Amino acid sequence: MGMKFMAAVAFLALQLIVMAAAEDQSAQIMLDSDIEQYLRSNRSLKKLVHSRHDAATVFNVEQYGAVGDGKHDSTEAFATTWNAACKKASAVLLVPANKKFFVNNLVFRGPCQPHLSFKVDGTIVAQPDPARWKNSKIWLQFAQLTDFNLMGTGVIDGQGQQWWAGQCKVVNGRTVCNDRNRPTAIKIDYSKSVTVKELTLMNSPEFHLVFGECEGVKIQGLKIKAPRDSPNTDGIDIFASKRFHIEKCVIGTGDDCIAIGTGSSNITIKDLICGPGHGISIGSLGRDNSRAEVSHVHVNRAKFIDTQNGLRIKTWQGGSGLASYITYENVEMINSENPILINQFYCTSASACQNQRSAVQIQGVTYKNIHGTSATAAAIQLMCSDSVPCTGIQLSNVSLKLTSGKPASCVDKNARGFYSGRLIPTCKNLRPGPSPKEFELQQQPTTVMDENKGACAKGDSTCISLSSSPPNCKNKCKGCQPCKPKLIIVHPNKPQDYYPQKWVCSCHNKIYNP
């Protein structure tokens with residue numbers, strides 16, 4: 001009894017000390033040290049004091065007026081909670097478990113103190129009635145944040161059912177939707193060092209999770225789901241952003257599981273399960289004659305189940321720019337339509353799109369260890385531009401058959417590249433290439449290879465280099481000696497076929513075809 005009384009008195013004394021020092025940050029630092037020293041002698045008090053000390057960084061939305069019944073509008077309470085948490089380092093804005101909070105569209109804006117977390121353990125629901133929706137294309141927007149975490153074991157539900165029913169109709173056998181007013185569920189803009197993990201996102205009126213102009217983002221363990229026929233309900237969309245790492249996500253929606261738009265680079269996707277949906281899409285790129293750039297996308301270990309597309313690159317006619325250094329490997333297709341698809345004639349118009357000569361250049365695309373079943377006869381479709389052909393297309397150990405077990409087909413148009421290992425079905429325009437090991441080495445920077453094809457120069461003084469965008473020149477070299485074998489450096493910023501289409505003899509600055 002005496003020991004318990006003494007412990008209680010000691011704890012009360014500590015509380016008084018904490019209150020007295022609360023206004024002095026330097027005193028607080030010294031106090032923390034004193035508390036730690038004292039608590040080493042009493043473990044039970046240490047646990048209690050630390051629980052209260054840590055609780056000071058948690059901002060529970062209920063404490064700021066939010067009502068967890070799913071009916072009362074908690075928008076203002078969420079905004080107030082954010083404003084308080086934003087000012088404190090390592091703060092946690094908590095949406096508690098076993099509660100449902102109704103929130104209208106809201107912007108959570110920074111900059112904030114570092115290590116801020118928005119932790120959703122309960123459920124957040126949107127306004128389900130389009131007629132009552134406030135004028136905004138985004139439901140929950142996060143902007144101008146650094147070192148920010150959006151996480152939790154809870155659910156963010158866009159309640160998009162009424163939006164889908166009222167905004168779409170079938171025209172000439174195609175579903176056409178009015179997307180002008182349908183909101184995106186979550187958008188993160190102009191932010192760095194962001195982590196999004198473990199949440200369940202569902203039933204967004206339109207896209208579920210969109211990133212714009214972000215850098216250094218990790219997405220892990222998300223579950224994103226919407227009905228197969230829900231229109232334009234992309235899982236994750238990335239625009240004008242770089243350095244993304246996406247892993248261990250399960251996505252099934254009515255549109256792209258993951259879409260990568262222009263201005264994006266260094267995107268890694270690992271251990272993805274996709275389906276239903278439209279697969280992983282790069283694009284669409286080059287719409288309305290615009291310039292587009294996407295580079296260094298790596299997909300490793302993915303499974304596509306009953307998807308409308310698998311690995312898709314889509315560009316509009318009339319655009320310009322470059323999509324390059326794209327690698328897909330270790331992918332399984334299960335009854336997926338269009339498992340491998342490059343479509344440079346992408347068109348969503350109800351009528352046919354006009355043919356145009358310019359196009360986004362597609363270079364250096366690798367498909368490695370892709371296997372499974374296709375729901376469409378053409379398991380591989382490489383439909384490249386007539387005026388700007390695809391170059392550096394590389395297929396290694398690809399085996400796809402129809403779900404019925406019958407052979408599938410490959411349709412390739414203006415696709416230049418090679419295959420190695422197994423290729424089922426065969427593609428008529430691809431030629432045999434290097435071994436898988438050589439194939440891997442080619443992708444590395446400053447790789448040196450022996451080559452003596454396709455160029456010539458005067459006498460023995462020969463300098464050969466690769467040209468990333470040489471003009472069309474069909475004149476063969478005349479009156480010159482064949483070039484001696486040279487060491488060719490394959491640069492990562494100049495994607496080429498293993499046997500490049502054109503060479504430069506720099507001693508007299510002429511370009512030749514092999």
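Cβ coordinates come from backbone N, Cα and C, glycine included.
Less than 8 angstroms from the CB of Asp255 (active site, proton donor) sit Ser230, Pro231, Asn232, Thr233, Asp234, Gly277, His278, each of them six or more residues away in the same chain. Taken from Swiss-Prot, the feature active site, proton donor covers Asp255, and the record attributes it to sequence analysis.
Annotated active site per Swiss-Prot: His278, in sequence order, evidence recorded as sequence analysis.
There are 16 other CB atoms within 10 A of the CB of Asn266 (N-linked glycosylation site), with all protein chains counted. Annotation comment: Swiss-Prot describes Asn266 (among others) as N-linked glycosylation site.
In three-state terms derived from DSSP, Asn397 (N-linked glycosylation site) belongs to an extended strand segment. According to Swiss-Prot, the feature N-linked glycosylation site maps to Asn397 (among others).
With a cut-off of 8 Å between Cβ atoms, the residues of this chain six or more beyond the repeat 'PbH1 1' (214-240) that come close are 160, 164, 167-168, 175, 177, 179, 182, 188-208, 246-264, 267, 274, 276-277. Summarising the annotation, Swiss-Prot assigns repeat 'PbH1 1' to 214-240.
Note on the repeat 'PbH1 2' (241-262): mean pLDDT across this stretch is 98. Residues or ranges marked as repeat 'PbH1 2' in Swiss-Prot: 241-262.
For 264-284, the entry in Swiss-Prot reads repeat 'PbH1 3'.
Within the repeat 'PbH1 4' (294-315), the DSSP-based counts of helix, strand and coil residues read 0 helix, 17 strand, 5 coil. Taken from Swiss-Prot, the feature repeat 'PbH1 4' applies to 294-315.
The repeat 'PbH1 5' annotation in Swiss-Prot covers 323-344. Sequence-distant contacts of the repeat 'PbH1 5' (323-344) (same chain, six or more residues past either end, CB-CB distance under 8 Å): 275, 279, 282-283, 285, 292-315, 317, 359-376, 378-385, 388, 390, 392-393, 398, 400, 403, 415, 443, 492, 495.
According to Swiss-Prot, the repeat 'PbH1 6' annotation covers 357-384. Tertiary neighbourhood of the repeat 'PbH1 6' (357-384): same-chain residues 285-286, 289, 292, 304, 306, 311, 313, 315-345, 390-403, 408-415, 417, 425, 427, 429, 436, 439, 443, 495-496, selected by CB-CB distance under 8 Å and a gap of 6+ residues from either end.
Swiss-Prot lists 1-22 with the feature signal peptide, giving sequence analysis as the kind of evidence.
Counting in whole angstrom, Asn397 (N-linked glycosylation site) lies 24 from Asn266 (N-linked glycosylation site) by their C-alpha atoms.
Asn397 (N-linked glycosylation site) counts 19 other C-beta atoms within 10 Å of its own C-beta, drawing on all protein chains shown. Residues 228, 235, 238-258, 292-316, 323, 326, 334, 336, 338, 346 of the same chain sit 6 or more residues outside the repeat 'PbH1 3' (264-284) yet have a Cβ under 8 Å from a Cβ within it.
Counting only same-chain residues 6+ beyond the ends of the repeat 'PbH1 4' (294-315), those with a CB under 8 A from a CB of the stretch are 257, 260-286, 322-344, 346, 359-360, 362, 365, 367, 370, 372, 375, 385. In the repeat 'PbH1 3' (264-284), the DSSP tally of helix, strand and coil residues is 0 helix, 16 strand, 5 coil.
Assigned with DSSP, the residues of the repeat 'PbH1 1' (214-240) fall into helix, strand and coil as follows: 0 helix, 13 strand, 14 coil. Under the three-state DSSP scheme, Asp255 (active site, proton donor) falls in the coil class.
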